[in-house]
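The transmembrane segment feature in TrEMBL is assigned to 12-34, 221-243, 255-274, 362-383, 423-441. Taken from TrEMBL, the feature region 'Disordered' covers 138-157, 646-668. Sequence annotations record features per position, and here TrEMBL assigns domain 'Cyclic nucleotide-binding' to 527-633.
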Amino acid sequence: MNSDNNNMNYIATFIKLSHLIEVIFFFFTTYNYYQIQAPPLRLSVTFFSRNPLVILRFPLLPVCSEEAPPPPPPPVVYNREVDDMLRSIINKLREQTAVLKDKSIDPYATSPEITPPVTPILKKEDYLRMKEEERIAKEEADKKKAEVDAKKAEEKKIKDEEKRLDAEKKAEEARLEEEAKKKAKFFTNIIVSFFDTLLQPIENKMDGVLGQTLDPLDRRYIAWLSLVGLAFNYNVWFCTARLAFPYHNETNNPYWIFFDILSDVVNVIDIIIWQPRLQFVKAGDVVKSRPMAKVHYRESQKLKIHIFSIIPFDLLCLHFKFSTIYRVNRFIRIESFFEFSDRLESIMAKAYIWRVIRTTGYLLYALHLNSCAYFVASVYQGIKSTTWVYDGEGTAYLRCYYFAVRSLINIGGLPEPVTTFEISFQMANFFIGVFVFSSLIGQMRDVIGAATAGKTYFRASMDGCVDYMNTYGIPKSVQNRVRTWYNYTWAAQGMLDESELLDKMPLVMRTAIAVDINLTTFQKIALFQGCDQQMLVDMLLRLKSIVYLPGDFVVKKGDIGKEMYVIKSGAVQVVGGPDNSIVFVTLKAGCVFGEISLLQSAKDGGNRRTANVKAHGFANLFVLEKKDLFDILVHYPESQKVLARKGRKLTKSKGPPPAKTKEEKQPGFALLGQKTETPKLIRLLTNFRKLKLLSQGNNTKISVI
């Protein structure tokens with residue numbers, strides 16, 4: 001009973017506090033309103049709270065008449081956050097007040113809080129039984145977990161054992177393989193040592209002829225590769241012909257044997273003498289050591305191919321019928337032919353000639369194989385058995401080759417095939433012919449196009465320039481000079497602009513070419529003697545090539561000097577006089593002019609040209625601009641000082657004499673020296689004498705001041 005009274009008192013107290021907060025909120029709101037708008041009339045109204053025991057009075061807004069009640073004014077809010085917070089608190093208090101009121105009326109009402117779970121009350125027997133069941137279940141779960149762990153451990157143990165056995169097996173296999181390699185290497189080393197000892201005298205003699213090692217681009221090696229390529233072509237051409245055509249007989253066999261042995265000797269010499277001497281690149285370095293070159297060749301795949309290609313299967317002819325089928329392994333030396341082709345292209349001035357010859361050889365060899373296949377097909381069908389096969393008349397190879405040419409190139413006029421085999425063979429011939437012939441023609445077109453690409457570019461450039469001049473009505477004389485420049489430039493250097501070719505090269509190559517062409521000439525120039533050699537090399541890289549036609553003025557008197565010139569080819573003349581008809585000097589290839597103007601200043605016209613220079617015939621000049629020279633001198637301050645000092649000396653020695661001034665004395669009076677000043681007394685007497693003469697002559701009065 002006491003607890004119920006306490007609860008009721010708590011509820012009543014909570015309700016009063018909530019109403020008190022509402023009243024405080026209402027008071028602040030009303031107070032704020034009266035602070036802003038002072039009403040003319042203040043009334044007291046009784047405010048009844050929700051608790052009937054609490055009665056309060058507050059002054060409210062002025063009351064209007066009952067006919068037209070005014071709308072309530074909006075509340076004034078100074079702080080939105082405080083207002084929202086107070087409103088949320090009031091709403092929560094109202095909700096809790098309503099719940100507590102309901103609970104005060106109905107004591108069995110449910111609390112808004114979540115009810116905690118109720119612990120069941122069991123008897124002692126039931127509790128003991130439940131605990132026993134939990135213990136048994138836990139033991140079973142632990143037992144199952146132990147069994148699973150034991151099973152996993154067993155499986156892991158089995159896998160580890162299998163891995164160990166596999167590792168031991170692999171280690172044993174590796175050991176056996178290593179031992180086998182050692183044995184093979186041991187026997188190989190014995191064989192190699194035997195051959196080294198046997199061939200040592202020959203190698204020593206060849207060292208004096210070929211040297212310890214050879215550059216793969218050495219012309220002697222390329223000449224030897226031509227013999228290796230010839231031996232390869234002998235095998236691929238004649239072996240196929242001997243397989244297809246009946247060229248083996250007692251008369252011809254000795255000749256075939258001789259040439260077979262000769263081609264094999266060439267391959268053996270290549271393996272023993274030439275290949276072990278070739279230099280090779282390792283980690284960017286060119287290895288020139290003879291022992292290392294020999295080891296490199298013996299460990300390469302190339303040696304295995306070469307050894308297999310010379311295995312003498314021909315000895316089987318002693319037991320079986322004489323045939324060239326035993327020489328098919330010689331065909332794998334095809335890489336030697338391609339190596340010879342690449343090396344030959346690298347040293348030829350016009351490599352497209354060899355490319356055309358090689359492509360033509362591919363076409364002829366395709367026709368050769370087809371002629372051999374046609375003869376074999378004719379033998380299979382029977383000579384003269386049908387109109388399509390070879391009739392057995394004339395030279396078999398020439399007749400079959402003629403058929404292959406007409407068949408592969410699809411000329412037409414061939415005899416009609418009769419049997420199914422003949423029809424199938426001819427259809428395959430047509431398909432292969434179209435494919436092979438189109439491929440070779442396309443390759444030939446590319447070869448010829450690459451060979452004439454420069455000429456095509458030259459023609460296109462010249463035609464475009466001529467069209468431009470015709471469009472704008474350029475005089476014919478100028479057009480003829482432009483055409484002459486194009487033709488001479490192309491004929492002289494094979495291109496219109498050398499810089500296009502040199503820009504594609506690395507800096508080292510461009511430097512080597514520039515040094516080889518012009519360094520000696522630059523070292524002879526007095527202005528550049530004593531300068532840093534690297535500065536001269538940098539200057540060479542900035543040179544530009546220009547072609548002048550006969551009669552073209554390179555420089556004219558009075559022009560601003562911005563370049564110096566080095567004569568690459570041709571000649572120029574320094575001219576003057578009326579109509580530039582007097583030739584003072586002729587400068588030829590290797591001469592330099594205009595170098596002083598590079599260092600002279602534009603102040604007072606110091607860098608003006610002092611003479612006319614024109615081309616005598618076609619002249620190809622190298623030009624160095626002043627801007628490029630100054631860009632280089634930034635990095636060479638010492639050379640800049642040397643050039644400045646020499647430039648001043650050359651300017652004084654070669655420059656024009658200074659202009660005469662008004663104060664300059666005549667040469668005759670200069671011999672008498674400087675005139676002394678006249679005494680004042682003598683000058684006064686002279687003046688009086690002059691005045692007297694003037695007065696007598698003019699009869700006028702003269703006053704001397």
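Using N, Cα and C of the backbone, Cβ positions are placed for all residues, glycine too.
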Check: Which residues, given as numbers and ranges, are at least 6 beyond the ends of the transmembrane segment (255-274) yet have a Cβ under 8 Å from it?
Finding: 199, 202-203, 206, 210, 214, 221, 224, 227-228, 230-231, 234-235, 238, 242, 247-248, 303, 306-307, 309-310, 312, 314, 324, 327, 330, 333, 336
Next item on the list: Determine how many residues of the domain 'Cyclic nucleotide-binding' (527-633) DSSP places in helix, in strand and in coil.
Entry: 28 helix, 47 strand, 32 coil
Check: Short question: which residues 6 or more past the ends of the transmembrane segment (423-441) have a Cβ under 8 Å from it?
Finding: 359, 362-363, 366, 370, 373-374, 377, 388, 407-410, 414, 417
Notebook entry, point to check: So what pLDDT does the domain 'Cyclic nucleotide-binding' (527-633) average out to?
Noted result: 81
Next item on the list: Work out, from DSSP, the number of helix, strand and coil residues along the region 'Disordered' (138-157).
Entry: 20 helix, 0 strand, 0 coil
